[in-house]
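Asker: Found this in TrEMBL, in case it helps:
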TRANSMEM  22-43  transmembrane segment
TRANSMEM  55-74  transmembrane segment
TRANSMEM  80-99  transmembrane segment
TRANSMEM  106-124  transmembrane segment
TRANSMEM  130-148  transmembrane segment
TRANSMEM  160-176  transmembrane segment
TRANSMEM  182-201  transmembrane segment
TRANSMEM  213-237  transmembrane segment
TRANSMEM  260-287  transmembrane segment
TRANSMEM  299-323  transmembrane segment
TRANSMEM  329-347  transmembrane segment
TRANSMEM  377-393  transmembrane segment
Amino acid sequence: MQTSNIPDKEQKVSSCFNMNTISAGALAAIFGCTGPALIIINGAANGGLTEIQTISWLFSVYFFGGVIGIILSLKHKIPVAGAYSIPGAVLVAGSLSNFTLSEAAGAYLSAGIIVLLLGITGAIGKVMMWIPFPIVMSMIVGAMISFGTEMITSIERSPIIAGSAILVYLLSSHYIKKFPPILMSLIVVIILATTMGQFQVQASKSHFILPQLMIPSFNIDAIVSIGIPLSLLVIGAENAQAIGVLKAQGYSPPVNKMTIFSGIGGIVTAFFGGHNANIAGAMTAICSSKEAGPKQGRYAAVIVCGLLFVAFGVFAGIILPYVIAMPKVLIGTIAGLAMIGVLLSSLQNAFSAPQFQVGSFFSLVIAMSGVDFFDVSSPFWAILGGVAVSLIMEKSDFKTIRHQQGENDNDSEIPA
């Protein structure tokens, strides 16, 4: 399929704003500011972060993620949305208890540098040939499946709140398709929890707080456990998903520039304790869909989404106390519901193709096991083990992928 951005150089940006682009952009922002934000807040709480550190994390990923989307969309006139890696947030949340925040920030910075270098050199294709997409997706499922199981175990702890959240999500997904089901579920259970006296906000704690700058420190274990897997998630999950979505809609995405901006975003956010700001696959899918209106004007949806993300990041200090006041079981359930789409798509991408089936299986079970060899967490070992198994069992699949990517046999040799 031949792709084209079809930009109209004479068309003013203001003329692209209409009900379709505004509603699509708002929908993408609502999706990004509900369930995914709860994942960060829950991870920060489990990792022992202070309120200011949590606010800085939220500020950096939403503010700079929104800015990235606005810049790329205005420059290229295509709907490239920016935010942060949701699977990356899950990965980080599971590792914060093993390192100081400064060491984690050093790992974030390392991940940003890796992504930036891959974008500058244009070496992404060769790297991903050796780290197959299905194996990365299997690692995501293994690392994030606990969110799904916590959603179910929450029913045992609080059947009314957790059960209602799941029921409302399922019913609204089926009957109210134009309204985000995760938001509908959140609204209903907040009302329910408030009625039951389990959601009490002290308004005095809600106030504007400036984000906190920090100096990253480097720990080799943190870089291996967080930095390397995080860089793979940015490239192999978010960017790859966004690129695939844009190509399917007939656009020609600027792959290297998208990677470069994702690297810069990862570097900048590290100094605020944020894990990264990069191209967002899910938000790009929403903003580039047919529901966003005529193809040449869909980039305006990203501008709407980006502006809302920027506002959410700036006022995170005002919003955070209201979110923290939610019962923990509510946050766990909503976070699990928010991960359904990511888990389903990751499973499909991991096992729908005949290639790398065995390697993907090992990647999945290693990540699920939670093994922690040499203080290096399971996501790294999942990718390493999955690739190693595929090199032994499925070596021909690497050649198939290389052929599909148009790689020349002289570019890289499969080890004997």
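The backbone N, Cα and C atoms fix where each Cβ goes, glycine too.
All TrEMBL annotations are machine predictions without curation.
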Asker: Go through the chain and flag residues at least 6 beyond the ends of the transmembrane segment (130-148) whose CB is under 8 A from any CB in it; none is fine as an answer.
Answerer: 39, 87, 90-91, 94, 229, 232-233, 236-237, 240, 332, 335-336, 339-340, 342-343, 346-347, 349-351, 353, 355-357, 359-361, 363-369, 378-379, 382-383, 386-387, 390, 397-398, 401, 412
Asker: With the transmembrane segment (377-393) as the reference, find which of 80-99, 160-176, 182-201, 299-323, 329-347 contributes the most Cβ pairs under 8 Å.
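Answerer: Highest pair count goes to 80-99.
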Asker: Same chain only, please: residues at least 6 beyond the ends of the transmembrane segment (160-176) with a C-beta under 8 Å from a C-beta of the stretch. Say none if there are none.
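Answerer: For the transmembrane segment (160-176), the sequence-distant neighbours (Cβ-Cβ under 8 Å, at least 6 residues beyond its ends) are 151, 154, 182, 184-186, 188-189, 192-193, 196, 198, 327, 329-330, 332-334, 337.
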Asker: Tell me, please, if the transmembrane segment (213-237) and the transmembrane segment (299-323) are in contact, taking contact as 3+ Cβ pairs under 8 Å between residues separated by 6 or more positions?
Answerer: no
Asker: Given the cut-off of 8 Å on Cβ pairs that are 6 or more apart in sequence, determine whether the transmembrane segment (80-99) and the transmembrane segment (182-201) share at least 3 such pairs.
Answerer: no
Asker: As a test: from 22-43, 106-124, 329-347, pick the stretch that has the greatest number of Cβ pairs under 8 Å with the transmembrane segment (182-201).
Answerer: 329-347
